[in-house]
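Structure, as structure tokens:
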Amino acid sequence: MKKIAVLTSGGDSPGMNAAVRAVTRTAIYNNIEVYGVYQGYQGLLDDDIHKLELGSVGDTIQRGGTFLFSARCPQFKEEDVRKKAIENLRKRGIEGLVVIGGDGSYRGAQRISEECKEIQTIGIPGTIDNDINGTDFTIGFDTALNTIIESVDKIRDTASSHARTFIVEVMGRDCGDLALWAGLSVGAETIVLPEVNTDIKDVAEKIEQGIKRGKKHSIVMVAEGCMSGQECADELTKYINIDTRVSVLGHIQRGGSPSGADRVLASRLGGYAVELLKQGETAKGVGIRNNQLTSTPFDEIFAESDRKFNSQMYELAKELSI
């Protein structure tokens, strides 16, 4: 293994830069040349590939976003398009590709490994949604969680001052981990998740019970994958006469300097990805399970159609929100 490339793809997440830094410095330490692919898979097509040096990743571990940039590239699903991307790697003698991103990014890496046996591919889970199989946590999840906690703590101040119910919508299309972990952390009165069939009438009854006990305000945490915050508010007011406000946190969840936990996770996974390439591994995603570094074949990651839902944590959140 003499040359590798690294790219970031899909939605950005805090800690991607730390992962690129770890890949780059681990490779250089092992006398491997590193190339950065700018603009994700689109950069592979456009030949936007440039050599990275130690200085290229200096002063990046604390930066949010990705200095390699990211872009959606739906045309990468086409075989002719992928051939062009593979040729751009081949002509530089690149033997390994590290892809940092989510499920769609992994699928692109798998295609490359299938269609070009001389190019090894390793995926690193980078998404705030924490929805990738093969790992307990994805890069960016912890930072996004802390961003939500900080925001909702401030929202609760104004909710308390005006005796209002705030519906807070957070990211999470298919996986409600952000809503679940944040809801437990901020003491939300109710958490609405895509993994759980929630009757809004029950939510209204719970809020009403709290009002009867003297509670003046409530926080309802909603993952975007099951309904919008506004839809939740509209449904609630059909059953109970309360003053509601909706707060959609949106892309603020993706930004900001990565937390210490995300910097460490990204560094560990980035270094491990290079080690796997050195060992001749390919078509695998790296991860962390029980604080141990692991690797899982892409086929197995895709076969697990549903991540294991933490029902125990959900039940605890319900018990603590009485």
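We number each residue from 1, going along the chain as drawn.
From the backbone N, Cα and C atoms, a Cβ is placed for every residue, glycine too.
Swiss-Prot annotates R21, A22, V23, T24, R25, G187, A188, E189, R213, K215, K216, H217 as ADP-binding residues; of R156, R254, the candidate listed for that same site is R156. Just one of G11, G15, G36, G172 is listed by Swiss-Prot for the same ATP site as R72, C73, G102, D103, G104, S105, and that one is G11. In the three-state DSSP classification, S105 (ATP binding site) falls within a helix. Checking Cα-Cα distances from R254 (substrate binding site) against the binding-site residues (G11, R25, G104) with a 10 Å cut-off leaves G11, in sequence order. Overall, the recorded ATP-binding residues G11, R72, C73, G102, D103, G104, S105 cover a maximum inter-Cα distance of 13 Å. Same-chain residues at least 6 positions away in sequence with a Cβ under 8 Å from that of H217 (ADP binding site) are, in sequence order, R156, A159, S160, H162, A163, R164, T165, F166. Same-chain residues at least 6 positions away in sequence with a Cβ under 8 Å from that of S105 (ATP binding site) are, in sequence order, S9, G10, G40, Y41, V99, G123, G126. Non-local neighbourhood of I252 (substrate binding site): T147, S151, each in the same chain, at least six residues away, with C-beta under 8 Å from its C-beta. The local packing around D103 (ATP binding site), expressed as other Cβ atoms within 10 Å of its Cβ over all shown chains, amounts to 19.
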